[in-house]
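All remarks here apply to the structure that follows.
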Amino acid sequence: MGRSLESAASDNTLSVRDNRTGKTYTIPIEDNSISATAFKAISAPKAKGEREENETEKGLRVQDKGFLNTAVLRSKITYIDGDAGILRYRGYPIEQLALQSSHLETAYLLIYGSLPTSAQYKVFQGEVMHHSVVHADAEQFFRSFRYDAHPMAILTSALAYLGSYYSEANPSLQGQNLFTKGDAASLAIIDKQIFRLIGKATTLAAMAYRVRQGRDFVTPPTGLSYTGSFLYQMDHLGETDYKPNPVLEKALDVLFLIHADHELNASATTVLQTGSSLVDPYSAVAAGCASLYGPLHGGANEAVIRMLISIGRPGNVPAFIEAVKKREKVLSGFGHRVYKTSDPRSFIVRKMADEVFEVTGKDELLETAMALHEAAMKDEYFVKRKLAPNVDFWSGLIYRAMGFPLDFFPVLFAVPRVVGWLAHWRQMMLQDGGVKIWRPRQIYVGAPKRDYVTMEQRVPVEGLRETPSAVAHSGISKRTMLASFKGKAKL
Ligand SMILES: CC(C)(COP(=O)(O)OP(=O)(O)OC[C@H]1O[C@@H](n2cnc3c(N)ncnc32)[C@H](O)[C@@H]1OP(=O)(O)O)[C@@H](O)C(=O)NCCC(=O)NCCS
């Protein structure tokens with residue numbers, strides 16, 4: 001990207017003929033990609049009757065609703081081949097990492113680019129665990145949520161709240177190049193926020209859990225692994241010898257590792273989009289957390305269990321599949337924007353499910369999940385559309401077997417994903433040429449220029465979408481309205 005049209009190499013170029021003008025343009029191809037801005041040079045005179053908002057004379061625009069084929073940056077972090085079902089972190093296959101690495105070691109790999117030596121890992125682990133404690137005032141913040149608040153709403157808010165403690169890490173206060181200078185001091189500020197965010201992610205998540213259970217908060221322990229500390233903070237109830245079950249601690253660690261990054265998914269993109277304004281990383285990560293909350297992304301593991309509960313017995317699977325094919329239902333946990341075969345993480349999770357069930361006992365929904373999986377994998381509808389299980393299809397069953405509440409599942413996805421978000425954020429802050437604010441274009445199809453009309457002269461516009469909806473008011477305001485004296489009764 002970035003080379004001018006004139007200097008295009010003759011052998012690695014794309015020739016485009018604009019049939020409106022008869023002109024031919026040569027566009028450079030670099031890394032099997034073309035620059036969208038190169039198309040801006042392709043302009044034509046405005047056709048007769050054409051809308052001025054098309055801006056035809058200003059050059060061709062590239063449309064890509066939902067970013068189906070648009071690369072927004074160059075990255076060295078994660079590679080996915082969706083057709084072959086390949087996922088690699090910094091070149092290492094996910095299967096090897098899941099088997100041999102740990103979540104924190106993989107975090108180092110994702111953020112800094114190589115596997116750490118023992119000394120490097122010790123420092124990194126020490127920093128992350130050291131930064132797990134939050135200010136005591138955070139207790140009040142967590143207590144301010146209503147008893148039934150969704151933990152993702154709490155976590156998203158808590159991540160933004162966290163940023164309010166670190167004015168030294170706020171470019172709005174310290175200068176906009178705080179994170180982009182690339183010198184040792186700037187890198188140290190970046191890395192300190194990374195330690196803090198990874199370290200405190202488990203603490204905030206555990207607090208969101210405990211506040212809903214009506215339990216006091218627990219100070220992060222020392223001497224436990226990342227997931228061991230997380231389980232401790234959630235489950236410790238004052239026992240003197242409390243230790244998380246090592247099988248479950250390890251299983252959660254592998255789940256964390258395989259959820260740590262997935263290149264430019266919706267939430268990572270949100271973090272980068274938000275971070276591109278050079279806002280502090282706490283705000284950017286909170287924005288990513290909000291994006292992950294959606295049922296098409298991190299909310300899918302929760303949706304899978306709700307779907308399995310609604311199906312009930314394996315015998316009900318065929319009717320459910322038919323409903324999906326009629327588009328009355330969605331098969332949550334199937335399909336992926338990138339994978340057109342089984343998500344490689346789903347095999348790791350499926351295998352681990354059996355290890356967890358050895359400890360917890362089998363989940364009653366497992367049989368239904370297996371029947372659903374089998375039916376979908378051989379059904380023409382799913383085969384034709386290349387819909388296969390993604391990581392969420394099985395992970396929810398493990399979380400459920402481990403006793404996590406259903407609405408906590410997306411939190412178990414968000415906590416490890418903090419690592420990936422920060423790896424991408426750090427990479428962007430340090431990228432060649434500095435940070436460019438992410439500001440996509442649109443194709444304006446709205447009203448052409450028109451003049452303001454006074455209220456008396458307006459012709460009413462009706463329609464459900466064109467006018468504000470009529471909304472029901474809550475009982476209390478209805479009762480208040482009924483009980484309000486309107487001046488008509490005889491006294
Ligand atoms: C992940 C997802 C959002 C990807 O969306 P996408 O890349 O935009 O794919 P599309 O929605 O264009 O799907 C292509 C086709 O498969 C169908 N499809 C995709 N996922 C489906 C699902 N889970 N159940 C039923 N049909 C599905 C679409 O209806 C579409 O059919 P059509 O071409 O006849 O209209 C989508 O597969 C989905 O909603 N899956 C369920 C939610 C989920 O598990 N998310 C977690 C992802 S890790």
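Note: Cβ is positioned from N, Cα and C throughout, glycine not excepted.
Just so you know, TrEMBL annotations never went through curation; they're auto-generated.
Taken from TrEMBL, the feature region 'Disordered' applies to 1-22. The annotation compositional bias 'Polar residues' is assigned in TrEMBL to 7-16. Here TrEMBL flags H336, D392 as active site.
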Between D392 (active site) and H336 (active site), the C-alpha gap once rounded to whole angstrom
11
CB neighbours of H336 (active site) within 10 A?
23
D392 (active site), number of other Cβ atoms within 10 Å:
28
